[in-house]
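S.K.: Checked Swiss-Prot, it gives:
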type    : residues               : note
BINDING : C225, C295, C302, C305 : Zn(2+) binding site
Amino acid sequence: MEVLMAEQRADLVFHNKAIDGTAMKRLISRLIDHFGMAYTSHILDQVKTLGFQQATATSISLGIDDLLTIPSKGWLVRDAEQQGLILEKHHHYGNVHAVEKLRQSIEIWYATSEYLRQEMHTNFRMTDPSNPVHIMSFSGARGNASQVHQLVGMRGLMSDPQGQMIDLPIQSNLREGLSLTEYIISCYGARKGVVDTAVRTSDAGYLTRRLVEVVQHIVVRRTDCGTIRGISASPRNSMEEKIWIQRLIGHVLAYDIYIGPRCIAARNQDIGIGLVNRFITFQAKSIYIRTPFICRSTSWICRLCYGRSPTHGDLVELGEAVGVIAGQSIGEPGTQLTLRTFHTGGVFTGGTAEYVRAPSNGKIKFHEDLVHPTRTRHGHPAFLCYIDLYVTIESRDILHKVNIPPKSFILVQNNQYVESEQVIAEIRAGTSALSFKEKVRKHIYSDSEGEMHWSTNVYHTPQYTYGNVHLLPKTSHLWILSGNPCKSNGALFSLHKDQDQMNLYSLSLSLEQRSISDFSVTNDRVRRKSFSLDPSREGRGGRFFDYSVPDKSIPNDCWNFIYSAILHENSYFLAKRRRNRFIIPFQYSQEGEKEPMPCSGISIEIPKTGILRRNTILAYFDDPRYRRSGSGITKYGTVEVDSLVKKEDLVEYRGEKELRTKYQTKVDRFFFIPEEVHILPGSSSIMVRNNSIIGVDTEIALNTRSRVGGLVRVERKKKRTELKIFSGNIHFPGETDKISRHSGILLPPGMEKKNSKESKKWKNWIYVQRVTPIKKKYFVSVRPVVTYEIADGINLATLFPQDSLQERDNVQLRVVNYILYGNGKPIRGISHTSIQLVRTCLVLNWDQDNKKTSSIEEVFASFVEVRANDLIRDFIRVDLVKPRVLNTGKRNDTAGYGLNPDNGSDCPNRNPFYSKIKIQSFTQDNGTIHTSLNINKQLPPFLILSSSNCFQAGPLKVNGSKSDNGKKKSIKEDPAILIRNFFGPLGTIAKITNLDSRNYYLTDNQILLKKYLILDNFKNLFQDVLYYLIDEKGRILNPDPCSNIILNAFDLNWCFLHHNSCEKTFSIISLGQLFYENGSIYKYRSHIKSGQIVTVHGDSLVIRSAKLHLATPGATVHGHYGEIIYEGDTLVTFIYEKSRSGDITQGLPKVEQVLEVRSIDSISMNLEKRVEGWNENITKILGIPWGFLIGAELTIVQSRISLVNKIQKVYRSQGVQIHNRHIEIIVRQITSKVLVSEDGMSNAFSPGELIGLLRAERTGRALEETICYRAILLGLTRASLNTQSFISEASFQETARVLAKAALRGRIDWLKGLKENVVLGGMIPVGTGFKGFVRRSRQHNNISLEKKRNNLVKGEIGNILFHHRELFSSCISKNKKKFS
């Protein structure tokens, strides 16, 4: 015997290798097969003891030093970043749109992360095979490669809470530590691990409860149900052999299996490991097995369809509660699933491409006949190989062979030199044709501000016919022409019109620097900023406006612009008759002339609407001679005063913003009687008495002292006390003097006051007023008076030069003086402010006699600035002809927008100042320039183009010195070149370092210059400031809404051309031409950024910067052509498909999502087409009835298999092994219900009723009629509430509702399940109680006596009903005879 054992021991093979968990399972199963359970358990005890001893001796511990980073990580990350930079550049050039960029970026980083993961294993094996991290991660005991990869490799891409990829990868690993940004992104991804473990455990418990609820009544009750169906379990190419073996073992064969004429396995044979080995040996192809899916029973299962019992390895016994076992088998690992989810939570693992890298430097060679030229999905050229391809790389010393699998892309040429670790091939991930994809909307937001233009026609989407959503029919570019928009409040720059150039300087250091958008509307008042001229900055550079402190609040319907250079003594108006309008320039002071008067300046007053009526004040001048700083009273003497204008025409806010009417005097002088006024609160104590006389600097109240001495008058009112101090003298008159009791008297100089004691003669005007104290003798207060003589006003001859006065035919301008306060009205001056008593106004009128102008009641004013020969002059232009108002409307065609004439009757509230259409046409060098101004919306926005938005391509150097000489020569001929180069394109001074200057150029017109010849003479091109907006096809487009654009002088920089290069390349440059980045304009130079030509000169171009975005067909564009875009606005929406990443909702949530049959967010675009094609093809092949029948059957079968595979995939990804039969029992229950449809009426079931699939088929066969139903997927919860037992349903949830419904319907519970018997305290029909249940059901079958009784009762009832029917019919016949 010992000899025999020794021989057997000699035959055994000695294995010397590491054994993992899978190999251990195999060993145990082989030991059980050979030696039985008892001997195997003895061996395993020894193995356990050995393991503990070795682990104790080794004393493996995990320290931070054991986490070894991978040396190749640095250059791998650099390589990925380099690819990302190239991708970013292509996106910037407009070659790649945002979605492509996102996809490629994700693929680049995923491939890098995966390659790093593979390198990690190799690195550990070569450098430190006994590393504790390496031993633990690959032993299968704890942890996996993905977690170690995050520790020592890189965390990689994360998903956000919505499941979308964050395209910024985490390049660090946990050993190196994360940056702040990476940490925040990491928190996004690891969101699932933050939730408390207790919550997760309760989730798993609830899942188990629902699972058991659905299948608790499933018990093995028969040996064979007699089914003749089977489900294919043949090995597939994509299926691993291990999974295939696991799927087969434990099932029963459905059909005999033949290899040729020989039967190697019979029907209903149990499949064990021996039979599986025989299948592998004979390579059996068509294997069909029995599963719980095909069992013919409705509420139980047979032994052969279930297969082996998982406990003893034999066929399952009768009475086994396999449903409860299945529910617990799936629910129990749920706790592990949830707890394990934390480690890889959020890390993206997708099925993207895998790269093959060259092992060393060398020349690559492959067989060119085996590959075909193609392009990758990103459009890059490549070679496609259909079969296995061997690639050789010849280095100096060694020859490397690399095997490329089929359907891969070769990314290099044959015989090309490659560097080590260079990507030479791309292996596509094996994705099935029916892999689920989801439809994703990606919104692209603008990262800059400006105007939107597109380079192709667009269609309106039907649901947004009147909106701003457009659909692109073909690939095109969206251009964002640079500029800084400012939201207008509807009245901004109402004086400034198209082509006005402004230089804006903020000189105030006390305020923060503000731009034009600082016009804020609050409480229907607009805080206005004043325009004032700094005389020190006048010169050839133009005039500079100063946005200084807000001057005052003015009414919302009137705008005052202070412009201090107008109407000075040395300034003059110029009015010339130009086609029914006159132009008034405001010239600044020239050199050598007198300095301007120190005054607050002239204010131009033009309403917000731009409408001027007859006798309207065009401008006014506040003379400093008529300005007072204290309170007082104005007196006109005894002359009557009449009001000139209505209250609403002239509105002035000052002081307490009281509305005051303006008056006109008929005398040459008026008087101002000064007085000191103090307004004190009613509760304050006054330290002087009424009618007392005080001196200067006397304390009259707490913290209040008098500035002058004199008589004190105190008037007490409800809430305040008014204290006045009258300076002057006090006289006690004699009995003969009579003075009015009520009002005072103005006395001219020279009058004498005589009595016995004194005689006095007054030199100036005085104001005499009688004062009567209580119970005392009255006295007289004599107060000094300030006399003002009003001059005749400014002579028009001094304002206008003589030659222009003769030409102002229909213009009437007159100077009128207004006194702003009424006769005797008290004027209250606030401290430290001055009061203007008289205002000089320029009143506008036009000729009444002229027939053309006499009927015009309103004219339209606008502000114009004209430049010529570097001299800038400003004008107010008043159009005496009412312009024609046009509406901007949409046409039905796709050509853009057109102008639709409108009589204006339906738009009475339109702002005429903006809705005016100006069209100018003139011919210049065979080019036509068109200008049109569109109707603005209520709040028209502005666009400011600043120096960062445009660029300058510098002077061209062709042959060095020759070019310089030519440049000097051209400067001699045209000295304006030097000035232009210094001032910038618009002739303004360049930016000074210490001065915050902003130069603006206003336009809201679109000018098209079709053909513009390049000219040598710069002086002929003064219209270069004109601005255009056109599309690429040369059509004038009328944008909606119209915008006001402010272009900066420094935004429009020069691009100098040389005549030699122009002649050789082209002869015509068109305005509006769009250039891509690095595109070549002319022969010797490509310019830096993308942009659009704004101005063409003889030797240069001004180009406006533009940002372009690529948009593919089907993309949705938001916004109109020419609309102003703000940063962060949605530009375009792409709709694209992406594969669903199975890792995003992993663990228990994924299982629950599948079992509860929750609808996914979106389905693939091609899925519906596939289903329609399937229906058409199968009905063509099999005919209509059979096609639909088989199609429906296949759909149910396929959906069941798909659900099982999805759940198994989640569990396998977490390393949990569950047999298919458990999942199949659950899936069978949630797919076994059908919904009765309303298409065909049935006597058996009502429409909308949920019934079992087998019950519906059997009922249809029994009644011999078709029952129309459709298959339905019920979730776990719904399936629990739709069982045959209402007691089971009520014990699950919604107890009251379920019991009430069951009572109303009269439902019967046959107590077939476990739960209902437990609730009622009966014996459960499983295990030992199963035999009693079978015996009881047989007794139910023995009911012959009951049948006889029932038949007797039925016969008697039928006879009674028949007798009654005969009586009823005879009565009816008798009645008919009577009536007939």
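Cβ atoms here come from the backbone N, Cα and C positions, even for glycine.
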S.K.: Just counting, how many other CB atoms are there within 10 A of the CB of C225 (Zn(2+) binding site)?
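M.R.: The answer is 17 other Cβ atoms.
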S.K.: Since the record lists C302, C305 as binding-site residues, which of them has the fewest other Cβ atoms within 10 Å of its Cβ?
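M.R.: It is C302 that, of the binding-site residues C302, C305, has the fewest other Cβ atoms within 10 Å.
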S.K.: Counting only residues 6+ away in sequence within the same chain, which have a CB under 8 Å from the CB of C295 (Zn(2+) binding site)?
M.R.: C225, T227, I301, C302, C305, Y306, R1228
S.K.: Using the CB centroid of C225, C295, C302, C305 as the Zn(2+) site centre, which other residues of the same chain sit with their CB within 8 A?
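M.R.: So the additional residues around the site are R222, D224, T227, R290, P292, I294, R296, S297, I301, R303, L304, Y306.
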S.K.: Taking DSSP as the reference, which of helix, strand or coil describes C295 (Zn(2+) binding site)?
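M.R.: The three-state answer is coil.
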